[in-house]
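What follows is a short report on a single structure.
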Amino acid sequence: MDSNPQSCENPEIKSTEEQNQNQNQVSQSPFATASLSLSSLPPTLPTQFFIQPKILSLFSAQSPSKVKVPTQASSLSHLSLSSTSPSPSKLSFKSTFANNPLQSPLSLGPRRPLDPSNGAAIRRASIVWFRNDLRVHDNECLNTANNESMSVLPVYCFDPRDYGKSSSGFDKTGPYRATFLIESVSDLRKNLQARGSDLVVRIGKPESVLVELAKAIGADAVYAHREVSHDEVKAEEKIESAMKEEGVEVKYFWGSTLFHVDDLPFKLEDMPSNYGGFRDKVNGLEIRKTIESLDQMKGMPSRGDVETGDIPSLTDLGLNTAATMAQDGRPSVSASMAGGENEALQRLKKFAAECKAQPYKGSKDGSQETIYGANFSCKISPWLAMGCLSPRFMFDELKKTANRTVSATSKKNDGGSGSPDTQMNWLMFELLWRDFFRFITKKYSSAKVGTAPATACTGALA
């Protein structure tokens, strides 16, 4: 084919002999070339020239050598197409543009879906940011990240802002709580390692640490559970801002209460400010099923060669280790409370056995005796606070024990005065109080609502 532009504009000036010669050259030569030149310089490149069937028609042995150029091709200043493959079905193309009419280069790579909730979108690498959810059971955040990603990087950050002295001179995090937290993080690492993964531990601000790790592994998204306090909400805003600049999605979940925030029969900003009103609103509300823990997790990202890091000591966090010792040099009573998911599950199992051994009692006047004897409390609040134990999982496990206990009691009594509902009333009462305070904190820390204080005592025992 002649490179002269007039040959395209006035194909009649070519003789029949020249047409046959050109056609033979195209059909016999394994390396075919074509060149199209036009004078106009519009700013966009028409996509019709990158459709393979139209390109192949230029090199087909049956197609004529005189090609009528589409009118959209006038947007090209210069296009050179070359084929180096001996077979017309396997062509490689190289395009060049004179006078640089395009301001941005072409990108031939596939674009990732921007919707993190799209289950069909498999991410290359994701970060799971552990906060107050130091467990693998009933962890929607961890399970979703594992299902939607080819590799997962679990991370925990010891934020320096959570330590040191407050404005009033007290420790923001005392040595007992810090020790419990260190043990919980260490136990979480062991549980992740048992499932083929690991836990990356850093001392630093999450908005800095997570961005650095996301760049290192080429993360597509960060998965985390939402929190409720003012400082935690501010930290979430900073992370969202930092990740947005890097083009990394941030996906949050809810997993710290008995009832899910999305299942509440009212908007969070319309939540009653007293416990009695809250209890009446959620009465009869269904509790979501717990999520099974993963047997095996996706591997750690190979890109970046990220070091897992060491779990810090009290000294590393700026705390005095002597404060955890009694005056006689022996560990204090509080030091005997080991943190971690495994310890929480063991205590839950023990507590369920105590409930079974000391079944439900009713008082003489027919009222319910809710908290009594050795079981005056579940004594498991620290593990709930750290997220080592899911409140839904706890409720499910104790409800199984209550059903068995009530069933046995009903056989001994005439008709049985107990029921699963009455047996679990006191536990539901305790967990509802916990839900109320977390939801009311979330209401006033994240939404622009009125300043009316929460009155927990109003109607609490009504």
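Backbone N, Cα and C atoms are what each Cβ position is placed from, and that goes for glycine too.
Record features (TrEMBL):
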BINDING   Tyr360, Ser377, Cys378, Lys379, Ile380, Ser381, Glu430, Leu431, Leu432, Trp433, Arg434, Asp435, Phe436, Phe437  FAD binding site
DOMAIN    124-258  domain 'Photolyase/cryptochrome alpha/beta'
REGION    1-30  region 'Disordered'
REGION    76-96  region 'Disordered'
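Sequence-distant contacts of Ile380 (FAD binding site), defined as residues of its own chain at least six apart whose C-beta falls under 8 angstroms from its C-beta, comprise Ala344, Arg347, Leu348, Phe351, Leu389, Met394.
Sequence-distant neighbours of Leu432 (FAD binding site) (same chain, six or more apart, CB under 8 Å from its CB) are Leu258, Tyr275, Phe278, Arg279, Val282, listed in sequence order. Across all of the domain 'Photolyase/cryptochrome alpha/beta' (124-258), the predicted model scores a mean pLDDT of 94.
Taking each of the binding-site residues Glu430, Arg434, Phe436 in turn and counting other Cβ atoms within 10 Å of its Cβ gives the largest count for Phe436.
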